[in-house]
Amino acid sequence: MTEESEETVLYIEHRYVCSECNQLYGSLEEVLVHQNSHVPQQHFELVGVADPGVTVATEAASGTGLYQTLIQESQYQCLECGQLLLSPSQLLEHQELHLKMMAPQEAVPAKPPPKVPPLGSSAIHYECVDCKALFASQEMWLSHRQTHLRATPNKAPAPVVLGSPVVLGPPVGQARVAVEHSYRKAEEGGEGAAVPSVAATTEMVTEVELLLYKCSECSQLFQMPADFLEHQATHFPAPVPEAAEPATQQETQVPSPTEAAVSQPEPLPASDHSYELRNELRNGEAIGRDRRGRKPRRNNSGESGGAATQELFCSACDQLFLSPHQLQQHLRSHREGVFKCPLCSRVFPSPSSLDQHLGDHSSESHFLCVDCGLAFGTEALLLAHRRAHTPNPLHSCPCGKTFVNLTKFLYHRRTHGAGGVPLPTTPVPPEEPAISFPEPAPAETGELEAPELPVCEESSAEPAAPGSYRCLLCSREFGKALQLTRHQRFVHRLERRHKCSICGKMFKKKSHVRNHLRTHTGERPFPCPDCSKPFNSPANLARHRLTHTGERPYRCGDCGKAFTQSSTLRQHRLVHAQHFPYRCQECGVRFHRPYRLLMHRYHHTGEYPYKCRECPRSFLLRRLLEVHQLVIHAGRQPYRCSSCGAAFPSSLRLREHRCAAAAAQAPRRFECGTCGKKVGSAARLQAHEAAHAAAGPGEVLAKEPPAPRASRATRTPVAPSPTALSGTTSAAPAAPARRRGPECSECKKLFSTETSLQVHRRIHTGERPYPCPDCGKAFRQSTHLKDHRRLHTGERPFACEVCGKAFAISMRLAEHRRIHTGERPYSCPDCGKSYRSFSNLWKHRKTHQQQHQAAVRQQLAEAEAAVGLAVMETAVEALPLVEAIEIYPLAEADGVQISG
C-alpha cells in the first residue's frame, strides 16, 4: 500500500471508510486491502506488429525494435505468443485463434465465442466454468458455484495446458498478471476423457487472478492478506519449538521430474504491486499452486486433487470457502456456536471477543497508561501500547522504524523491496542546512505556507561519546542510532503526510487525523471525571486533569520552572542551552523555534499572510483574522466573562482569558505545610516552599516572592495592618531581606524573572521592539501594541453589561463599571478625596505636588531673604571701633596737642 492510498482513509464513528467508494470497514487491514483496487496500476500496451513465434522476452533481449512504444493500457498477455491485450474478452478471442490453428482441418469448426460485455482494464469479472455466467464480485461467484457443486459434487473440469509460462523481460516485467487458461470438457465426453483433445475443446474461459502480496523473503505471491501474514510468520522463529510431526506419505513420496519443475517457484523481481504470469496445471501429471500461492493437498494415494478438492465447502451448510483456515474457523462455529452483537449484528466465535467488541461501542476506557495518559478499552491493548514505551520494541526495521504489531511490521517491510524505499546507509553527518523562505501567501486563499526549514535527515547522527548519538538540532543524546532516527523523524521533521479530507489540514500521524476529525463532527467522547468537561482525545483530557491537581511533572533542572507538557520543557531547555538553529538570512537573528522565525520573516517583507477579503487589512496570525472577521464584519461576541464582563468571539478566547477578578474570588486551597499559609495555585505553593528551602530550617521568610502584577484597573488599596496602626512589632526578630531573582545593573532594582528584567532594561536602553504597522509608533511590550492596534481597527471587545458601552481596553471597562457601582477605591492620602481610577488620582496628586512645590519654593525664598538679612546684621555688628585722630598744624610756639 502506498502512502497516497493511506491518506484517503477517513475515520468516522470509530470505523474506516474508503474515500473513493464510501464503503465502510471495521479494521485498518480490511480498508488497506480494499484500497489496492483504487490504486492506479502500471498497465502496458505493445504498439507495433507482433511477429508470431517471437515472445516478448526474446524481443526485449534481442533489441530488434518490433515493440518500441509502451503505454499504460493493457495488463493481459497471451502465454503462447506474448502479445498483450486490453481486456479479458480480447484475450479470449485471441486464444481461440491459437486453438483453430492447432486443430486439424477436418475438425468441426469452433462455435462463435459468446457475447461478453466489454470489460474495462481495471475491472475483474469472475466466470463460471460450467454455465459461463459472469459475476462482478467473488462472493457472488462463490454463491453461484455452490449450486453446481450441490448438483454434481464429484464432477470436476479438466483443464488443458497450452504452453509453459513466459518470463517477461525488464521492459514489461513491471506488470505481471496471473492468468489461468481453463477449458471445459465436451458435454458428450465421459469419465474416461480426463483430458479432452484440442479439437474437442471449443470454448475457453479466462480467469484473471491478482496476487497483490509478495513475501520479501522467498518472493512467493499471495492473494489474501490472511494467507500472506500466515506465510510471513513461518520466516520468524517460534518462541517454543513444536514437536516434529511424523513423516507423512507426502514427504516420503519422491516427486516426478514434471512435479519438481513446476513446483519450484522462479524468483521474480520485487515490486510494490507485483503480479505473476503463470499457467496453472490442473491435470494429474503436473501440480501447480492454488490461487493463494500454496500447494494443493494430496490424498492418500499421492495424486493431486482436482478442482473439486481445492474448492472447500462445509458439509453442514454447503458454504464454499477458499482456504482450509477459513473452513476450520467456520466449522468451529457449528461445534461451539456463535455470539452475536446486539448492536451491530456482528458474529464472534467466543464470549471474550464479543465483550471486547462491546467495549468499542461504549467507548469506555478503563485501562490508563501511566506513562502518557492514554486510555484503552482492554488490558491487551494497554499491554501492547506499553511496549512502545520500552527502550527495545518487539519489531525493528533497519530503516529506524519500530513496531509493536507484527502485522504492521510485515506491511512496512514490503516497502523496502525493489522500487520501494531503500534502506538507510551508514550515518553521515549532514552539511549545514540551508534555509529557504517561500513567497508570502496570496490574498485570495489566506493560507500560510511553512518555509522549508532545516530538518534532520534520518541518517544524520553525530557520535558525541562512545555508544551515544547526538541530535544536531536539539543536542539531545541517545544510546542507540534507532532512537536518534525515531527522534529526528517525529520531532524535527516537518513532513505531514496525512491529510484531513474535510479542511485539508496536514498531520504527521494518522492518529492525529482521527482526533482532528472529531473537531468537525463535534464528538467529545472523553469526559473529565472531576468537572465532567468533555474532550476529543485522551491526551487533551490528561492535560486538562493537571489543572485540577496543579501538577507540573516536567521541571527544568536549570531554573526550576515546571511545565505540564514535555514538549514545552524541551523548547524551554533550548533557551538555557543557547541553541538557536533557525537563523534569519537577512538580519542574522536566530530563533530556537521555527514558527518564530516564520513570523519574524514577515516583518522584513512588511506584508502579512492573512488578508481580510472584505477590507484591506492583513494579519500575522490566522486567529487574529478570525477575530477581526467575527467582531468587525459579523459583529458576533457571544461569549462573555461573568467576572469582568469582557466579551469574546469564541469560547477558546474566553478560556484563554485570565480574569483577575475571578482569580481574586477563587478560594485559596493550597496550604503550606511549614507555615500554614494558603495560596491560590500549585505554582505559587511550589514557589513558597522553595523559598522555605532556600531560607533554611532556622530562618524566617522576610518576603514572599513577588506575585504577578495585576492591571491598574483591578488594583485595590491595601489597608494597613493592625500591627502597623498600633505601632507594635512582632516578638520574632525580622530577618534581613534576601535577594531573589536578577538585578538591574542601572538602577539596582530586583525582579522575579529574567523576562521581567529584560522588559525593564528597555526603559534604560530606549528599545521599543514592537512597532505598529499602521502608524509606526513603537512600544516596549507586545501587550501595549495589542491595545494600541485596537485604536486603528476600531475593535471594542470589552462591553459593559449594564449600559452596553464597549471599550478597547479592559482597564477602561473596569473604570466605567465603577460609575454604576459608585465605587471610588483610590483615595488621596493628603486630602482624603477619592477617585474611580488611578489615573484621576495621579492627576489629583500632581496638584498637591504643585502646591507643595510652590510652598517649598516660597519657604525657600523666605528663608533665603531671612538668611541674607541676618548676614547683613551680623556683618554690621562685627565692625571694630576705630578712634578718631584729629591732626592740626603745628604752631611754632605751641606744642603738639592730641585729643584723647
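Each residue, glycine too, has its Cβ placed from N, Cα and C.
Values in this document were obtained by computation on a predicted structure and should not be read as measured data.
Per Swiss-Prot, the features are as follows:
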type	residues	note
COMPBIAS	244-254	compositional bias 'Low complexity'
COMPBIAS	273-290	compositional bias 'Basic and acidic residues'
COMPBIAS	721-736	compositional bias 'Low complexity'
MOD_RES	Ser164	phosphoserine
MOD_RES	Ser301	phosphoserine
MOD_RES	Ser721	phosphoserine
REGION	244-306	region 'Disordered'
REGION	690-741	region 'Disordered'
ZN_FING	16-38	zinc finger
ZN_FING	76-98	zinc finger
ZN_FING	367-389	zinc finger
ZN_FING	469-492	zinc finger
ZN_FING	498-520	zinc finger
ZN_FING	526-548	zinc finger
ZN_FING	639-662	zinc finger
ZN_FING	670-692	zinc finger
ZN_FING	742-764	zinc finger
ZN_FING	770-792	zinc finger
ZN_FING	798-820	zinc finger
ZN_FING	826-848	zinc finger
Maximum Cβ pairs under 8 Å to the zinc finger (742-764) among 469-492, 670-692, 770-792, 798-820, 826-848 is reached by 770-792
The predicted model's mean pLDDT over the zinc finger (670-692) is 78
Using DSSP three-state counts, the residues of the zinc finger (826-848) come to 11 helix, 4 strand, 8 coil
Reduced to three DSSP states, the zinc finger (469-492) has 12 helix, 4 strand, 8 coil
DSSP assigns the residues of the zinc finger (526-548) as 11 helix, 4 strand, 8 coil
Counted with DSSP (H/G/I as helix, E/B as strand, rest coil), the zinc finger (742-764) has 11 helix, 2 strand, 10 coil
What DSSP reports for the zinc finger (798-820) is 11 helix, 4 strand, 8 coil
Checked against DSSP, the composition of the zinc finger (670-692) is 11 helix, 4 strand, 8 coil
